[in-house]
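Annotated features, as they stand in TrEMBL:
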| type | residues | note |
| --- | --- | --- |
| COMPBIAS | 1233-1243 | compositional bias 'Polar residues' |
| DOMAIN | 30-160 | domain 'P5B-type ATPase N-terminal' |
| DOMAIN | 183-233 | domain 'Cation-transporting P-type ATPase N-terminal' |
| DOMAIN | 276-400 | domain 'P-type ATPase A' |
| REGION | 1227-1275 | region 'Disordered' |
| TRANSMEM | 47-67 | transmembrane segment |
| TRANSMEM | 239-259 | transmembrane segment |
| TRANSMEM | 414-434 | transmembrane segment |
| TRANSMEM | 454-473 | transmembrane segment |
| TRANSMEM | 931-953 | transmembrane segment |
| TRANSMEM | 959-979 | transmembrane segment |
| TRANSMEM | 991-1009 | transmembrane segment |
| TRANSMEM | 1044-1062 | transmembrane segment |
| TRANSMEM | 1074-1096 | transmembrane segment |
| TRANSMEM | 1116-1136 | transmembrane segment |
Amino acid sequence: MTRRKEVKVKVGLSGPPPMKSGFQYVNPAQEDQMEICGYRPSLIRKVMVWFFIIITAGLLRLFFYWLPHLFIKCTHSKCSLAEAEIVILRDQYLQWFVSRVKINHKNGMLGESAMKDGVAGITFSKTPFDSNTPLKMGDAQLNRKLVRYFVTKKVKYIWSSESQTFKKLEGLDKNTKCSYFHATKGLNYSQQQERMSMFGSNSIQIHVTPIVKLLFKEVLSPFYIFQLFSCGIWFADEYYYYASCIVVISVVSITATIYQTRKMQRTLRNTIESSTIVSRLCGEEYHDICSDDLVPGDIISIPRQGCTMQCDAVLLTGNCIVNESMLTGESVPVTKTPLPNPRVSKSQEDILFNMKEHSKHVLFCGTQILQTRFYGSQQVKAVVLRTGFSTAKGDLVRSIMYPKPVDFKFNRDTYIFVGILAAIAGVGFIYTVVLMVQEHEAFEEIFLRSMDLVTIAVPPALPAALTIGIVFAQSRLKKSQIYCISPRSINVSGTINIVCFDKTGTLTEDGLNLQSIVPLHDGRFAEEVYDVKQLPAEKSLLLNAMATCHSLTIINGVLSGDPLDLIMFEATGWELEEPGEEEGSRYDMIVPTVVRPKGSRNGKGAFDQQFVPVSDEIAIMRQFTFASSLQRMSVITRKLGAPNFELFSKGAPEMIASLSKPETVPSNFHEVLIEYTKHGYRVLALAYRSLPAKLKYAKIQRIQREQVERSLTFLGFLVMENRLKPETTPIIHQLLDANIRTVMVTGDNMLTALSVARECGMVSEHKKIILVQAFPGGSGKSEPTLEYMYTEDPQDRLQKSEKETKIPMPDGHVTDSPYHFAMDGRSWAIIRKHFPLLLQKFCVRGTVFARMSPDQKSQLIETLQELGYFVGMCGDGANDCGALKVAHAGISLSEAEASVASPFTSKQPNIECVPTLIRQGRGALVTSFGIFKYMACYSLTQFVSVLILYWIFANLTDFEFLYIDLFLLTSLSVTFGYTNAYDKLSKDPPLVSLFSISPVLSIILHMAIQTAGQVFCYFNVQEQPWFVPYEVNEDDDYTSYENMAIFLISMYQYITLAVVFSKGRPYRKTIFSNYFFMGNLAVCVGMSLWLNIYPIEDVATFFELKVAPSIPYRCVYLGIAVINFFLDLLVETYVIESYFVQERLQCWIEDIFSTSKYQYEIQEEEMVRDQPWPPVSSAETLAQAFERMDSQQVRDFDQSSLLSSLMDSASDTQSIRSLRSLEVDASHREPRNYNSQAGSSYVSEDMNDESMLIGESPTDAGLDNPALDIDEQKL
């Protein structure tokens, strides 16, 4: 029995690292978790440090300027945070931040004298749930006159006396009960001043750095410091011309950098900074103030004509139509509704406000309010939650100002390689010192010669050269209408080996076609109806549902909203009318949206003040907006002549069926649903409920959706055709052919997603899909369980199995898995909680993830990253914002030129941008590799040249250096990167590590050839009959035949290296397509030939070049250069790129020196070995499985699962008490079977529901806010 070799697992970074004992943290267990240490000044330490700074002529201070946290550690002593005057923080990306602790008076005064009043701090309540608001009732109550705080990354942290640590200053979005917002009457002047002192101005200020500060920052960077040092050496060595050119180039480069930086800062400032006049409630009246003066807790009025929000605020009264494209990239208008008041609903507890749960009631900073729907005599009011950089807009700006560093192996390797070059320079330094000491040279000469060698071995232009490929790639992406706000992500995009796609709007068309309506007849589905006008009269409820159950609105005279809603409504042939300003002023209540058949309008008024209908129309009285995790939306309406209100719901068929009375759901529900979805149709279900006649208008406006979205009557299906975009299938095949995994992650129905996955080619015909279903347990089951089943019918699977063959996995990589996993969001949540190890296996072979909430999409991306994948994400920018930002390369399909939602934005509304980005990323990465090898070999080649000439105490002349460094190197390295990416994606990804065998062996072999060529020419010229040896002179005149030999052969070598390292396919086009490079080569070769064979006397004198007297001998160098070229080309083409080196030798080296593997490789190997897993059940059909899952969900009604589903949504407030009552209620029900014999149990339930809906409580007598009181007697 062989012992399996242990391997080290390489895991991708995702989420905050685990907290270590003995360390203190701010934002523990959060994404922005940081270690924190406190320091206070130490006089002894400070004196010692400044002593060493003085004796090192300021070099130590320069070092501390680059690493300020080390300066603090050396000049300060460590202390507790309570005594700290300076704090040092380190984030999860190992970035250091230094912040000074400040002390501020409550009235805003800052001063040391105030410390006499005692230690500053904030008391944090131990029971925040019992407090009403953190700013009023003690959860962040100022208990002293002074406050200690510091600011880092534009976030303010306040000292907590209880926990003895700093905590992030938060607004009303945390630890605030919902009832507080309805109870607050605004702030008085003193409260506003205190909060202004605490939270600061409500502005997102982007400072444009002064030119002088930018100048010093650039000049003091390591790159320019090394340039400055080099120029000083060259000037001292009398290389005036070369040093002067370098100075001029550096000045131009610094000027351009300062100009670009200030231009970018001004653009960002002009885009981000804005302020306006807002109406703030002061006492009983509204006053116009500047938006910069807003603080959390202020009550503001939203103007009817709309505005741009300058803060995050929760809506209290009225509705708002909002464009959130600045945040999401999606320009579809969104309806914001008032935050429900828990005090007016006896079924709802006063729970804490949560920004994610209640986002449908939040107006986010930076979004555009298009319209407001308001009370005739009242204001549309909102309470300010967060201001400044704490807002949603501020958070996005901070992500731009402090981006997540690209932890890319190539970047790390460059620093190591530069260190190796520095070590080689150290060897040369010792060689020079020893050589010149033996000749008793002066100290000044030894210092200049040895330092000159260091400036040669370490190329100062390397950082600038490495950005060339990225700059050209960004320009080409822009031509392809792909815009980038994070150029550093371009190289990373070249390493992507898995791409996740949203479905709707990304893989499929944005627009849907109404395929048919499927009504009910005698408890079963009837024949399809292809034209809404052909619906029989008795199916009017179905027509009414289509006409009312939407969130459409009229903006600037145009009907706007979700494309699906538009198609559904337009199919009815009805028209929509919203109240104008003159209508809105007639009533003391909100005026409803009205829909009616076209041409049926009899009068202008919709309803009178008693809500008696005056025309043939339906009024939409209340909307419960769509929530992705609730998978439904609903409206409450009143129809002409109807004595009561009606509720219409639309949503996912499984969800609507689970909320409907069992006797109304057709017995063939799942069979019909599967028949449509497996052909790729998008299916929505419609249902309705007649609400009790005693239910009054005021109660309708306060009722919670979970109280009415139950006991529904199922109406039928709405079948929409969602076609694949014509570009989708070819692109998916293109990615799969390149061994890039494709994954679908969607909020749509599982069956539709499976159909699309088959249709677009993500899952080939001969591959099986295993559906993973997780059941939470509870109510009779002690442990959660997993079940596996094939998605094909047994007969189809039997036919396919005869043709199926398993394809082996080469080297453990998943290129063509014998099966694929599929799961939905509900199973994902259960597996993630109870089966985290299995979750990794499911992700390694998972291809279809359906019914996934926005948070779950982000979780999937993070899990894939933890497995070691380089993940790309492509979505429409709406529900995919989180996943787009988390991915290594997120691409938002948006009409905006650039979206802060993702690093890349494509204006082309299809996935053609994905292979384009990967191709350009691979091209840029290979260009960076080539330029790095070129720069390294250039430095080493020149290093060898100088070492050889140092042997005779000679050197290259000033203008020879100038010709090599400026004319040859600079021009070739710039045009080198202009080669475009190859048109086709290769199956093999490019190298990521500079320390792979190929680049290391390439540099070694090429340098051996260059060194051999120079050594041969050096000795060969000495054998010529006309040779005169070089003699050392006081004028440092290096004109000699040895100098000529080394210079002539080396200039050909620089051109040769540029050609050899400029690789073409499979990642870049051939160099012959790069006309700039070819022209540059022609000029360089021509100029070199001229200098070699027949330079005129003035040119030779200018270069201080001693020309060989024999022209045939001059041609010998051309022959040597040709031999050198072909040797380099053969080595690079047939040795470095050979299968032996690329595969066999690389694997052998990895086995010897490295035993690390990515986690996904290990998981794949385990699944290949464990063939019996997973245990697939073949007894059920898909319809039976889904029906059993729905029955299980209704019977168990697992509270944690339901809460997770509800909390993931941006929906109305959920009542903990109502959830518990539903759980108890559901536990006594029989398993739900969708047939007409199961309805008797719902008789008493309907009665209970009606009494619950119309029941009064002490808080139902009126509203908390007298301004919103409504005379219910009129209703």
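Each Cβ is built from the backbone N, Cα and C atoms, and glycine gets one as well.
A TrEMBL annotation is a machine prediction, not a hand-curated record.
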Contacting positions for the transmembrane segment (959-979) when only residues 6+ beyond its ends and CB under 8 Å are counted: 239, 241-242, 245, 249, 461, 465, 468-469, 471-472, 923, 927, 930-931, 934-935, 938, 942, 1043, 1047, 1050-1051, 1054-1055, 1058, 1061-1062, 1064, 1068-1071, 1073-1074, 1076-1077, 1079-1081, 1083-1084, 1087, 1091, 1102-1105
Helix-strand-coil residue split for the domain 'P-type ATPase A' (276-400), DSSP-based: 25 helix, 46 strand, 54 coil
Leading stretch by Cβ pairs under 8 Å, where the reference is the transmembrane segment (454-473) and the options are 47-67, 239-259, 931-953, 991-1009, 1044-1062: 931-953
Interface-richest range of 239-259, 414-434, 1044-1062, 1116-1136 toward the transmembrane segment (991-1009), CB pairs under 8 Å: 1116-1136
Tally of residues which DSSP labels helix, strand or coil - the domain 'Cation-transporting P-type ATPase N-terminal' (183-233): 33 helix, 0 strand, 18 coil
Among the ranges 47-67, 239-259, 931-953, 1074-1096, the one whose Cβ pairs under 8 Å to the transmembrane segment (1116-1136) are most numerous: 1074-1096
For the transmembrane segment (239-259), sequence-distant contacts whose Cβ falls under 8 Å of one of its Cβ atoms, 6 or more beyond its ends: 211, 214-215, 218-219, 224, 227, 230-231, 464, 958-959, 961-962, 965-966
Residues of the parent chain within Cβ reach of the transmembrane segment (47-67), under 8 Å, 6 or more residues beyond its termini: 74-75, 96, 220, 222, 225
